């Protein structure tokens, strides 16, 4: 089904529209606008009346220019005298001008499809409905089962269950084998369903957000949606389930029944006096000369001179109803529903502001601009009669680049005839004209936009790539452990089959299988051996722990809950607790060896304060910051209080002298500067010019007025500079309509912004071109000193330049962020000539940024130096103490920052990363060749550490996890780092860094941050953690084993992409040293206990098979086999993994070196696994052997006369002590006994005996009927229980006691010390209560040297190097 003009229907929420018609190359589109006539006659553009006053003409031609450089349209002077600078090409050909052939494109039509496009191929667009869920109510069961059976263990147990359905292996209780697997699958499905339901709630919230869509007109890009029968059925199921779940809420919230927010306009063509009316002709967008009027006087997509009416109106609809080609109106503080091409805005210059923190994590506002050609689409009527089409790129994930063009046919009389042919006109657009889905409209009453991309094709959805799936190190190693269990299981089965054949061949055994019945056709010896293999595979299936994974998931979920509930990691200011996003890596928190941290916003607060400045070579500003304190401490000076008193006195003098501004609240303190501003000398003029530039050279937007004046900025640095200028009397009052109003020391002045050349990371500067109240055109520029200084004019004083460089170096050495400020006076002709080139660069569809940079270089030159600024980014609370704690725990901290080397270095001093007397190895941009860098690294390795950088030394270094020397640090520049990462001597660089206490990587990009982490993680085989707060930290957060996001001022991008989100850096110490250490020890012990209990149970069955000629019988009742892992032994293991702890949180923070056992991975190793297996094998032999010995010695008769010699009776003799031994063994392995653990142990034993007693009384228990009644009345049963328990647990108790007495671990010594201290306090409570030392969880204690403890003739010290368990420098080999 297609429309008459190439339009078609939506199929499965997709639109189809014409695309792909031939692209002609006969017309250049490098010009911002061009006209193409349907005939061959060339047309010429008109110009303004030359009789108009030149000054007025200039005012209307350049006042608007900043908009056009954003929108990509063309600007130029309106009068005939200057028109030659901006004439555009107009060609007359029959064809179209399109995006280049190599760029696939889409076309979106508004109101009609041109005849020449009618027969083009169709294109499909997705709807705007978002679905991030994995399942639907219809496919949940099959899809979830499919995902669960990707686990090999589940497939294995399903195979065993199906095997038991074969008559040869038919079990006594056919339904029982399904119970364990069913419970595991069901519990996992419930968990997955809950998680998916939560995602569906968020999806529904997004999809059912109200937005305003133009209705009453025809979107020619699609017809009515076609919903097939299958999709109707799926919708019915989904809606039925949703309505049942939400039955307590309103059944319908359809926006069409919301009269409180519904209104419409049905206006005539003259209805511009409504809320969307145009401004007066003088102040209108056209009167301001938006673009070259000689070219665009008649270029509007809204036809002129048409007095028509329309039924179109904006109606509130759900966001999911938006389709490509719809016209949408967004109001202030509303979210953008799709990727919109901005047609018009409330502002007469077409400017609006959006907040993009959901996209890139930045909370600062971004300015966006409407197109000139669509500026008239301000009301429902004008939107409904507009006629144009849009050609844009195919959807991609780039948030910063997009090119496209708006095209329309225009004729002089709006009527196309043979005598009056239409002209094809174009206006290019770029990302500055696009409001992306997920952004929020700010500081603008409304915008009207055209939906370009919807649903999964929006930028925000295309950038929501799947977060890398992270698995903890224990989980990765666990796969190999499970593999070893499989090998052991298959070995046992093969041995059983072979022995079965031996027994059968030697004795010609015709023993009847009780558990599995063989037919007469399967009684041959080989067949019996093969059957025995599969029989034993079923018998010994518990050796492979099917419930281990679900138990680990349960434990980690509870551990994550404890982390989230920790009040000590709750940030009251942000109302933000520690939020685990990945629940399956909590044990990795206890094994971190390397922490990689961003600086700005992570170590610092990202709250900028203007502190110092240099103007005309003179320094102003009194400041004593954290960085200054670290700098002075590095040089042995400590005069904090004196400096603070001096600053306080200077502020008081500053307040007395000041007559303007608000110096009392200013972060900048300098009475000297205030005195200069109020004087009349030459330096006063320089100071006034400098702060005037600070009040003008920015992209700050004002909101409100008077006392409620608020500054919104794209950069916190800019906001700090503007606020500082305001506090000193240079008050930015308004930025409305690009007319800046500044009150300079009580006198109000107006400035017209002509152009803004924005800051980029490549340019490292921003410039603004302004016409002042006297008519002069000035360029103001600020940026990095190395960029500004090389653009200075030759007549600048060399002495001033050198003094400014010296001052900025001093500022950087004190930890400040520095900027250089300069200006230039422009001639009108020079500016207009440059403006033409600038517009052409902005209108380019390819390499636009490069062309803009080239054109910007033409005018950002011959600058006059004014001075420089110093901005402080204050450290977060507790950062130095936290870093000190992590260092004492053996964790190495690397800082990856984009700041200067000097700034990062002094921040390092202030936060305890660097210390006085430390030798700093600097690898900076003075090294330009890889050979130079390599030689320098090898030289330092040899001079400081006696290493040659060989491969053997590197392998030995990988096994050494001792803390590095505190005498050395590495500071490296990003440009050198990139060469190292691409070189063959990266390992030598790692060797150098590993032997240094601190590594600072400065001026590094986000990709370099991720590359550094990848290098360390894979080369050294260590657990890494990355912590950051901004969108530029996402790459390293995802690359590290553990990603920590700080929910700070730079938005939620880092927090959303992280595994754990915290409010402040200082919470990291508690997260790692307390929860991380606990969780690692708990998980390791839990897994060890799990393997142990399965081995003892399985090998008991194996010994019975040896005794019973491998006949395939269970010695236990089959219900015991099914419930062993589910009820009888699971609870103590889970409680052990959730609650066990050796020391409390305060002790963990007070003695951070306890963490080192996790770095050495001593809690879970190959050795510990085999010890657990051997424990289980030994105890299984005892459990089976004692009962076998007793029954071999004689038969037992109960007091009632019943003999206890059946297999069920023997099974109870063995299973009862085995269950007791297993649960008690797990209890003994705990570090601490409390009411929860003891209660769980008792509960598990009660569950076992409750089931045994009740089940044996049920008639359906078959042979097990009355077994409990018979067995429990015999004395032998209790004797066997007691003897088995003692013999099984005695070796373990002896080993624990010997280890505590003769080979104590560090934690044992510490616990003994604390117990003695506690006993001393109890004995002397009245005299020692005030001296008791309890370390608050968030305050960092004084560094305490652990004492030595004597045991006999040996002395054992608490430090890590003297503990018997931690003396080795090599980490135990793991199971890989």
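Note: Cβ is positioned from N, Cα and C throughout, glycine not excepted.
Owing to the predicted nature of the structure, the values given are computational and were not obtained by experimental measurement.
Copied from TrEMBL, the annotated features are:
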ACT_SITE  598  active site, 4-aspartylphosphate intermediate
BINDING   598, 600, 1029, 1033  Mg(2+) binding site
COMPBIAS  1-50  compositional bias 'Polar residues'
DOMAIN    109-174  domain 'P-type ATPase N-terminal'
DOMAIN    1055-1305  domain 'P-type ATPase C-terminal'
TRANSMEM  152-169  transmembrane segment
TRANSMEM  175-194  transmembrane segment
TRANSMEM  480-503  transmembrane segment
TRANSMEM  530-552  transmembrane segment
TRANSMEM  1090-1106  transmembrane segment
TRANSMEM  1118-1139  transmembrane segment
TRANSMEM  1169-1190  transmembrane segment
TRANSMEM  1210-1228  transmembrane segment
TRANSMEM  1235-1255  transmembrane segment
TRANSMEM  1275-1295  transmembrane segment
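Within the same chain, residues at least 6 positions away in sequence whose Cβ sits under 8 Å from that of residue 600 (Mg(2+) binding site) are 606, 873, 897, 898, 899, 1030.
Outside the transmembrane segment (1169-1190), and at least 6 residues removed from its termini, the chain residues within Cβ reach (under 8 Å) are 481, 484, 1088-1089, 1091-1100, 1102-1104, 1107, 1210, 1213-1214, 1217-1218, 1221, 1225, 1276, 1279-1280, 1283-1284, 1287-1288, 1291-1292, 1375. Taking every listed stretch (152-169, 1118-1139, 1210-1228, 1235-1255) in turn, the largest tally of C-beta pairs under 8 A with the transmembrane segment (1090-1106) is reached by 1210-1228. Ranking the recorded positions 598, 1029, 1033 by how many other Cβ atoms lie within 10 angstroms of each Cβ puts 598 at the bottom. When each of 175-194, 480-503, 1275-1295 is checked for Cβ pairs under 8 Å to the transmembrane segment (1118-1139), 175-194 comes out on top. Ranking 152-169, 175-194, 530-552, 1210-1228, 1235-1255 by CB pairs under 8 A with the transmembrane segment (1275-1295) puts 1210-1228 at the top.
For the pair formed by residue 1029 (Mg(2+) binding site) and the residue listed as 'active site, 4-aspartylphosphate intermediate', distance between Cα atoms is given as 8 Å, rounded to the nearest Å. Same-chain residues lying 6+ beyond the ends of the transmembrane segment (1235-1255) with a Cβ under 8 Å from its Cβ atoms: 1117, 1119, 1123, 1127-1129, 1131-1132, 1135-1136, 1139-1140, 1212, 1216, 1219-1220, 1223-1224, 1226-1227, 1261, 1264, 1268. Note on the domain 'P-type ATPase N-terminal' (109-174): DSSP counts are 28 helix, 7 strand, 31 coil. Residue pair residue 1033 (Mg(2+) binding site) / residue 598 (active site, 4-aspartylphosphate intermediate) shows a Cα separation of 7 Å. Per-residue pLDDT, averaged over the domain 'P-type ATPase C-terminal' (1055-1305), rounds to 89.
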